[in-house]
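J.: Please read through the structure below; I'll follow up with questions.
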Ligand SMILES: Nc1ncnc2c1ncn2[C@@H]1O[C@H](COP(=O)(O)OP(=O)(O)OP(=O)(O)O)[C@@H](O)[C@H]1O
Ligand SMILES: CC(C)(CO)[C@@H](O)C(=O)NCCC(=O)O
Ligand SMILES: [K+]
């Protein structure tokens with residue numbers, strides 16, 4: 001790994017999800033490193049501090065070079081723990097996506113505070129990279145659909161049980177169904193249990209995306225709607241969709257970086 005010797009500022013972005021905490025280190029617009037930790041509701045700020053310390057050491061980035069930290073969280077109890085970790089180990093007070101943070105979007109949810117921060121962050125990145133009108137699909141713990149029109153209005157969207165949790169429920173609740181490897185089966189008509197489950201999950205989720213997108217396109221009256229996807233399972237599912245044009249696994253980190261830049265207070 002290369003160690004950057006220049007004095008350029010580095011920012012740390014942190015996406016706290018229900019399954020994973022994803023961290024990215026950016027120098028300017030360049031993503032130097034990214035890491036995925038499993039979300040632990042028990043871990044203390046010191047335990048997260050040890051992880052961060054090791055990640056910095058492993059990647060050869062000097063923690064003193066961190067100019068600032070931008071966090072989004074959809075797990076309320078963890079954000080305070082990570083915030084404390086940043087203060088103690090990085091000597092930085094992080095910015096947190098929420099009220100008071102500029103996103104550049106006009107949030108048209110009935111109650112904007114209710115929108116998951118990750119959904120806002122995805123929408124910000126997608127608008128910047130692809131331009132509206134668009135829909136972002138994120139295959140995380142939940143699969144989320146977020147719509148933005150050509151004027152930058154965040155319109156809302158849809159929330160579906162995610163691929164991982166629905167597959168887990170099937171295995172937990174049906175005695176004869178095993179835990180399976182998620183890979184594309186050769187045919188949609190499965191002739192054994194594993195192939196039948198793989199067909200149902202992969203083609204089912206792909207069809208769900210195409211079906212919801214079709215309705216969104218109609219409701220937004222946007223023939224030119226762009227469909228962008230992110231999240232761990234996006235490549236697998238989206239290869240089977242007709243509507244998804246772009247898969248960008250790092251969309252949420254990009255969004256956090258953009259929001260940081262829009263809210264950065266330059267110290268004299
Ligand atoms: N190969 C796989 N087989 C089965 N389930 C998987 C696989 N890869 C990921 N998952 C599950 O899919 C879900 C989404 O995974 P992913 O890693 O994209 O989460 P994430 O985007 O970090 O989610 P969040 O942001 O909500 O924490 C998780 O519940 C995960 O356990
Ligand atoms: C839907 C999830 C769980 C996806 O991570 C998250 O965005 C969330 O908790 N949202 C809050 C509800 C909403 O966005 O309307
Ligand atoms: K996510």
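For all residues, glycine too, the Cβ spot is worked out from N, Cα and C.
Residues annotated as ATP binding site in TrEMBL: 15, 16, 17, 18, 19, 20, 21, 22, 141. Annotation comment: TrEMBL describes 109, 116, 117, 118, 119, 193 as substrate binding site. The active site, proton acceptor feature in TrEMBL is assigned to 118. Feature annotation from TrEMBL assigns K(+) binding site to 138.
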J.: List those of the binding-site residues 109, 116, 117 whose Cβ lies under 6 Å from any atom of ligand 2, in sequence order, or write none if there are none.
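T.: Cβ < 6 Å from ligand 2, in sequence order: 116.
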J.: Rounded to a whole number, what is the top Cα to Cα distance in Å among the residues the record ties to substrate, namely 109, 116, 117, 118, 119, 193?
T.: 42
J.: Filtering 17, 21, 119 (binding-site residues) by proximity to ligand 1: which pass a Cβ cutoff of under 6 Å to any of its atoms?
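T.: The qualifying binding-site residues are 17.
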J.: What is the interatomic distance between the Cα atoms of residue 21 (ATP binding site) and residue 118 (substrate binding site), given in whole Å?
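T.: On Cα coordinates alone, these residues lie 11 Å apart.
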J.: Just the binding-site residues from 17, 119, 193 whose C-beta lies under 6 Å from any atom of ligand 3, please, or none if there are none.
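T.: If the test is a Cβ under 6 Å from any atom of ligand 3, the answer is 17.
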J.: Pop the Cα-Cα gap between residue 138 (K(+) binding site) and residue 109 (substrate binding site) into the table, whole Å please.
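T.: With distance taken Cα to Cα, residue 138 (K(+) binding site) is 18 Å from residue 109 (substrate binding site).
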J.: Measure the Cβ-based neighbour count of residue 141 (ATP binding site), defined as the other Cβ atoms within 10 Å of its Cβ.
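T.: If we count other Cβ atoms within 10 Å of residue 141 (ATP binding site), we arrive at 20.
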J.: I'd like the number of other C-beta atoms within 10 A of the C-beta of residue 109 (substrate binding site), please.
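T.: The Cβ of residue 109 (substrate binding site) has 14 Cβ neighbours within 10 Å.
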J.: Between 19, 193, which of the binding-site residues has its C-beta surrounded by the fewest other C-beta atoms within 10 Å?
T.: 193
J.: Reduced to three states, what secondary structure does DSSP give residue 193 (substrate binding site)?
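T.: For residue 193 (substrate binding site) - judged by DSSP and reduced to three states - the answer is helix.
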J.: Cβ within 8 angstroms of the Cβ centroid of 15, 16, 17, 18, 19, 20, 21, 22, 141: which residues besides those meet this for the ATP site?
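T.: So the extra residues in range turn out to be 39, 74, 75, 118, 140.
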J.: Just how many other Cβ atoms lie inside 10 Å of the Cβ on residue 116 (substrate binding site)?
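T.: The answer is 20 other Cβ atoms.
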J.: Once the chains shown are all counted, how many other Cβ atoms turn up within 10 Å of the Cβ of residue 21 (ATP binding site)?
T.: 23
J.: What's the longest C-alpha separation between any two of 15, 16, 17, 18, 19, 20, 21, 22, 141, the listed ATP-binding residues, in angstrom?
T.: 13
